[in-house]
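Student: Take a look at the following structure, please.
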Amino acid sequence: MPDSPTESYGPDREYHVFISLFLCRNTSGKFLSVGPATPGWSINNTVVKENYYTEKLSCIITFNTLNFLTATISVVGTAGNATVLRLLGFHMHRYAFSVYVFNLAGADFLYLCTQTVYSLECVLQFDNSYFYFLLTILMFAYLAALCMIPAISTERCLSVTWPIWYHCQRPRHTSATVCALFWAFSLLLRLLLGQGCGFLFGKYDYYFCRYCSFITTAFLIVLFVVPFVSSLAMLTKIICGSHRIPVTRFYVTIAVTVLVFTFFGLPVGIISLLLPRIVVFRGVFYIYKIVTFLYSVNCCANPIIYFLIGSIRHHRLQRQSLKLLLQRAMQDTPEEEGGVKGPSQKSNELEIV
């Protein structure tokens, strides 16, 4: 919001307001506070003073509450994703889809760790120079995680649509190579955007920042569309295909993950794309904090989805080790009576990619 009613929003002004949304500061560079302050415009303060401080106190309480909730859910999600990383990295054989899940858990873990520090610093108002660095890591981790979900959906769709090609002609180490490229591209895109928009070491360049934002927008739109197209194609193949394809646990895991991401993960990306255009509107800061909290919920929900789907057996919840639950959640063959694996499950688990 402008400091005065007559203040215009040129490129520089827009940039400073845009930055203030991320740094928990007002447009003058100071932290939001409930200390003694007066409105920046000339008006009869005796009339508006009480309403001004009441509104300001309400905003600060809401602000701190959202940050505290985000930090809390981030701590829980960090533990869950750390468990998935430990199991997939040290206790289970790696195969095509487990590599994607491992990298998705890594991106979520990085995001949640950084978000915990970021939210606590906003609440406790630590005045340090690490906010730009934290913001860069947050967006980098979000982009990386955003890449993994379309990759999982696309590869699953390929395995259903062209099973012979997938099992016979698919290059080895495809999953690891794709994940490495996604990490590298996400880092490069984030560094370019951060450098041009003044988040890193360079000065703010309005036109270069707009150019990088346009590239990021196009990239995110592609990532938003791919999971839905892949899931729709896979669902069509399962329902309308000439050969009946059984629904496995991994189908359910993918479907639930994409569904949760749609409601909890997409909003923060959409709002981030719209921020430069809606930054002048009142209340946009709290919208951004809410969608940030929702994405933290999404990152926290992924391990819960894996373990919950793995624990359901014959329509009943069963208590088993976390390793077994995670293996069941990624089981890509129909479950047989007595819990015996299908003939292709063992070969899939031994496929190192």
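For all residues, glycine too, the Cβ spot is worked out from N, Cα and C.
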Student: Does Swiss-Prot give Ala96 and Tyr211 the same topological domain, putting them on the same side of the membrane?
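Tutor: Going by Swiss-Prot, Ala96 and Tyr211 are on opposing faces of the membrane.
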Student: According to Swiss-Prot, N-linked glycosylation site sits on which of Asn44, Asn81?
Tutor: Asn44
Student: Name the range, of those listed as 97-117, 132-152, 290-310, that has the largest tally of Cβ pairs under 8 Å with the transmembrane segment (254-274).
Tutor: 290-310
Student: With the transmembrane segment (214-234) as the reference, find which of 68-90, 97-117, 132-152, 181-201, 290-310 contributes the most Cβ pairs under 8 Å.
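Tutor: When the Cβ pairs under 8 Å are tallied, 132-152 comes out ahead.
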Student: How does the topological domain 'Cytoplasmic' (91-96) divide up by DSSP, counting helix, then strand, then coil residues?
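Tutor: DSSP composition of the topological domain 'Cytoplasmic' (91-96): 2 helix, 0 strand, 4 coil.
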Student: Out of 132-152, 181-201, 290-310, what stretch is closest in contact terms to the transmembrane segment (68-90), meaning most Cβ pairs under 8 angstroms?
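Tutor: Top-ranked stretch among 132-152, 181-201, 290-310: 290-310.
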Student: By Cβ distance under 8 Å, which residues at least 6 away from the ends of the topological domain 'Cytoplasmic' (153-180) in the same chain are close to it?
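Tutor: Beyond its ends, the topological domain 'Cytoplasmic' (153-180) has Cβ neighbours at 96-97, 99-100, 103, 226-227, 230-231, 233-234, 237-238, 245, 250-251, 254, 258, 353.
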